[in-house]
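Taken straight from TrEMBL:
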- 12-39: transmembrane segment (TRANSMEM)
- 65-85: transmembrane segment (TRANSMEM)
- 91-110: transmembrane segment (TRANSMEM)
- 131-149: transmembrane segment (TRANSMEM)
- 169-189: transmembrane segment (TRANSMEM)
- 204-222: transmembrane segment (TRANSMEM)
- 242-261: transmembrane segment (TRANSMEM)
- 268-287: transmembrane segment (TRANSMEM)
- 307-327: transmembrane segment (TRANSMEM)
Amino acid sequence: MNALSISPEIGIALAMLFALTLYALFGGADFGAGVWHLLARGPRAEAQHELIANAIGPVWEANHVWLIIVIVLLFTGFPAAFAVIMTDLHVPISLMLIGIVLRGSAFTFAHYDTTELGQKRWGRTFPLPSVVTPVLLGTIVGAIATGNLRTHPEGPFSLFSSWLRPFPLTVGLFTLAIFSYLAAVYLTLETSDAALQDDFRRRALVSAVLVGALAYAVYLLARRDAPLVFRGLDASPWGLPVRIATGACAILALAGLWFRWYQWSRAAAMIQVALILWGCALAQNPYLVPPDLTVQNSAAPPLIHKLLLGALAAGSLILFPSIYYLFRVFKGHTFARPGQSTDLEPKAGEA
């Protein structure tokens, strides 16, 4: 397809994928930090908790803007696909949204409730949704990819059969591993303490191995449960190059972690995760909800998509400079060259 002749609905679909990628890279890492909060052990457990709180405190709310964009674009631009997804998968979607609210509320209340009882209560509440919510998000994506959603109102309906299956649940675990991996890699750059860096370096290495193992499990299960995605990854002309590029980035990220080149490992890990998302999306192209709803036949009228593109262009003029400034202020220290001062590291709740 000529890039200059992309239709408005394709443009909106690409914008959704771009926003979903940013949510995985930034919002997903926030969930992964909650996993490491839960697993913090040993003499540096309290220091790890404090590092995690300082790292996600200034930006976690802003990172959810990308998920909001995905939902709004799906609802407005592809109402038929939105209706099917929200009907068939309303149980995991509702649970996921509850998890997002519980996690955010617990994190906020823990900052203001400084009593010992309050810290224990909110400290237990925060990490559990951080584990469950990514699994639900991945399960939803996996359930869509199977092509088992009920796209016709007269078809059979079940609360659980479309998503409580091996493939969606494995994608859910894969998503959890990816988010934990990203969080561990990012956290190596959030502190200048060598001991804490090594703690999260080891966790990043372990989670990278889990990501690879679960990626292979998802690939094997896709042959039977998500044949459209499997054929796209296995037989399409771009499938092999994408897999090679993803594997190369994984190796670079591992090498960066092994030799403590943390900024290189972060860049490679981000590209690796982005390639996983875009590869799966290309494999499913042109379907939003296989096997019936494509980008074209589930789209709203063309005028709606043109208005959406205009709104996205106008909003981007405000959103991207604002996000850049937010991260420049609160995350600028993570881009400092080795040896540069990191005294500007933000404290939890400073937003």
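Backbone N, Cα and C define each Cβ position, glycine as well.
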How about the transmembrane segment (65-85) with the transmembrane segment (307-327) - do they touch, taking at least 3 C-beta pairs under 8 Å (6 or more apart in sequence) as contact?
yes
Where else in the chain does the transmembrane segment (131-149) make close Cβ contacts, counting only residues six or more beyond its ends and a cut-off under 8 Å?
28, 31-32, 34-35, 38, 84-85, 88-89, 92-93, 95-96, 99-100, 103, 161-163, 165, 167-176, 179, 218, 222, 225-226, 228-229, 280, 284, 287-291
Count, for each of 12-39, 91-110, 169-189, the Cβ pairs lying under 8 Å from the transmembrane segment (204-222), and report the range with the highest count.
169-189
Cβ-Cβ under 8 Å with the transmembrane segment (268-287): same-chain residues at least 6 beyond its ends:
17, 20-21, 24-25, 28, 145, 147, 178, 181-182, 185, 215, 228-233, 236, 238-239, 242-243, 245-246, 249-250, 252-253, 256, 293-296
